[in-house]
Amino acid sequence: MADYVVGLTGGVASGKSEVTRRFEALGVAVADADLAARDAVAVGSEGLAEVVAAFGAGALAPDGSLDRPAMRRRVFADDAARLRLEAIVHPRVRDLLRAQCAAAPGPYAIAAIPLLAEALPVQGTGAGGRAAYPWLRRVLVVDVPVEVQRERLLARDGIDAALAERMIAAQATRQERLAIADDVIVNDGPLEALEAHVAALDARYRALAGAG
Ligand SMILES: Nc1ncnc2c1ncn2[C@@H]1O[C@H](COP(=O)(O)OP(=O)(O)OP(=O)(O)O)[C@@H](O)[C@H]1O
């Protein structure tokens, strides 16, 4: 049971997947917020029932699953609707991540949370961002200069420069992310450099988890 959990975050195309793959190769369990966000509103879930209660049956595709394109259009230009949807999904994502990490074998686990620096205020507490995850013992940020992010995004996704720019601008800034970091992987070098960096962090996390 891993109750020592490291939160991992980083901007779009910063290299989070490359980093988590290398932790997994060392036997570390990684819980993924993007996958948890799907599970949170899976067919038959309480989360999906709440979305339907809030947004009506128009939130569903003909097969009964969440109609993601329709919901995206719905919340795109409507902040109140977006906040309503996030207030349903985000707490469930946090609970799922916590449960998956707690159930993971090994001395520690990683929760990969792309929007950790952007997370919503927690209703009624005034807490948001990193504070929405008080059970994270450390935060690891994958950090790259914006130019590198842009290049990798264009190369990987074949999108145009304007869209890449909008995706980067929609996220927290590099400084906002670094402000919540306990540990940083600067991923502007070759991929081979990642392995040693991840191995060193893994040794540190095992030691910290072992020390309680
Ligand atoms: N150090 C590196 N050198 C060269 N290419 C890299 C490096 N790190 C990551 N990449 C490449 O950049 C792209 C983005 O990396 P990756 O998919 O790991 O980012 P991510 O942060 O998980 O992305 P997203 O935010 O979209 O989930 C991938 O094609 C990956 O192989």
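Each residue, glycine too, has its Cβ placed from N, Cα and C.
According to TrEMBL, the protein carries these features:
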- A13, S14, G15, K16, S17, E18: ATP binding site (BINDING)
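Features per TrEMBL, on structure.
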| residue | record | Cβ within 10 Å |
| --- | --- | --- |
| A13 | ATP binding site | 21 |
| S14 | ATP binding site | 27 |
| G15 | ATP binding site | 22 |
| K16 | ATP binding site | 24 |
| S17 | ATP binding site | 14 |
| E18 | ATP binding site | 16 |
- Task: Starting from the Cβ centroid of A13, S14, G15, K16, S17, E18, which together make up the recorded ATP site, report each further residue of the same chain whose Cβ lies within 8 Å of that point, ordered by sequence.
- Result: G10, V19, V142, R152, N187
